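Each remark here refers to the structure printed beneath this line.
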């Protein structure tokens, strides 16, 4: 039995290839069935995200194994083999175990240490268990990777600092406001970055969210997900006074929030402070707003300096995490080798018990027929000894004939001979 990990990711393949190799959720069961129909595959898990598609497999070793699996992947997705080969990586046994642990821990992610990948790995594993998981070693490898990822998060600071613009914006808000459960947040825009911001804020139980966007339909989809109110961009001037925090990210070529607008809002708020985080390029908030008393304006450049500092901290934590992964990989491989030995021990014991039962039955039958008890017992002992030492004796003789002293010494050691 061999453990394999093969696939492509953001480091080895462009998005144009990654999207062609991805497995859609509605066809995943079909893909797993097709994969497990391959004669060499004992068990499989398919991990498919926007940044990676990977197969984790338990296989029987055979000639041209790599060729067969690449051919299956290309046939399934109707790909040219040469296009895939240039981007494909292949890990076996120790390297496959280490790779999965690194992936689950966020060490192989586009954003170092990002936590979402662990949930994606867990879902891929759960999907594989719907009648597809047939290899206990593969199952154990995934369970181990989950505990390793948890250990990495607990024992290092890999996830402690914000390294995305969206997360950095939310982190800044949490640093300035003691609790988000008492604040109102105005989000301007409804693109991917604002979506991430909204989800982070929901996780931290913000009191109220308002989403202002050019098109109401797009904003409404996000609002329904996070429990927010939707307003038009033209309503911002009137509603700005309600917001303790404003986070803006649109594609507008001109500022949406001007100095006069913020001045009016501050006056209505009786100069209660406002945090404005402008993560748009070009800027959504006029720079002059930052000169107003009680208006604290941060631009995307301010966030990038926070991110750069935090990324350096994550890289330092990643060194500690890699040490944990190396240790846990070694322990898992020791367990795996022990499992192989356990199967051999079970077979050897079963064989010995079969010989014992066969000869004992013959001896008991002879006793029932009135045979001499002492002679029967001596015959049993002699036959049992000969049957048990027959195979080791043949191996010793063959090693001697071959002049294989190393094998002779291994056999002597295995038989407990001085």
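Heads up, the Cβ atoms here are built off N, Cα and C, so glycines get one too.
It should be emphasised that the depicted structure is a prediction, and the values quoted were computed from it without experimental measurement.
Per Swiss-Prot, these features apply:
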{"type": "BINDING", "residues": "49, 50, 51, 52, 109, 114, 115, 116, 120", "note": "substrate binding site"}
{"type": "ACT_SITE", "residues": "50", "note": "active site, nucleophile"}
{"type": "SITE", "residues": "99", "note": "site 'Important for activity'"}
{"type": "BINDING", "residues": "189, 190, 191, 192, 193, 194", "note": "NADP(+) binding site"}
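Under 8 Å, Cβ to Cβ, and six or more positions away along its own chain, residue 109 (substrate binding site) finds 51, 103, 117. Between the CA atoms of residue 192 (NADP(+) binding site) and the residue listed as 'active site, nucleophile' there is a gap of 14 Å. Taking all protein chains in view, 26 other C-beta atoms sit within 10 angstroms of the C-beta of residue 190 (NADP(+) binding site).
Across the structure, residue 189 (NADP(+) binding site) and residue 49 (substrate binding site) place their CA atoms 25 angstrom apart. Note on proximity: among 49, 50, 99, 115, 120, the recorded positions of the record, the Cα nearest residue 191 (NADP(+) binding site) is that of 50.
Here the candidates are the recorded positions 99, 190, 193, 194. The one whose C-alpha lies nearest to that of residue 49 (substrate binding site) is 99. Residue environment of residue 115 (substrate binding site) contains 14 other Cβ atoms, counted within 10 Å of its Cβ in all protein chains. Within 8 Å of the centroid of the Cβ atoms of 49, 50, 51, 52, 109, 114, 115, 116, 120, where the record puts substrate, the same chain has further Cβ atoms from 106, 110, 117. Annotated NADP(+) site 189, 190, 191, 192, 193, 194; additional same-chain residues within 8 Å of its Cβ mean position, judged by their own Cβ, are 187, 195, 196, 197, 249, 250. Candidates 99, 115, 120 (recorded positions) were compared with residue 190 (NADP(+) binding site); none lies inside 10 Å Cα-Cα.
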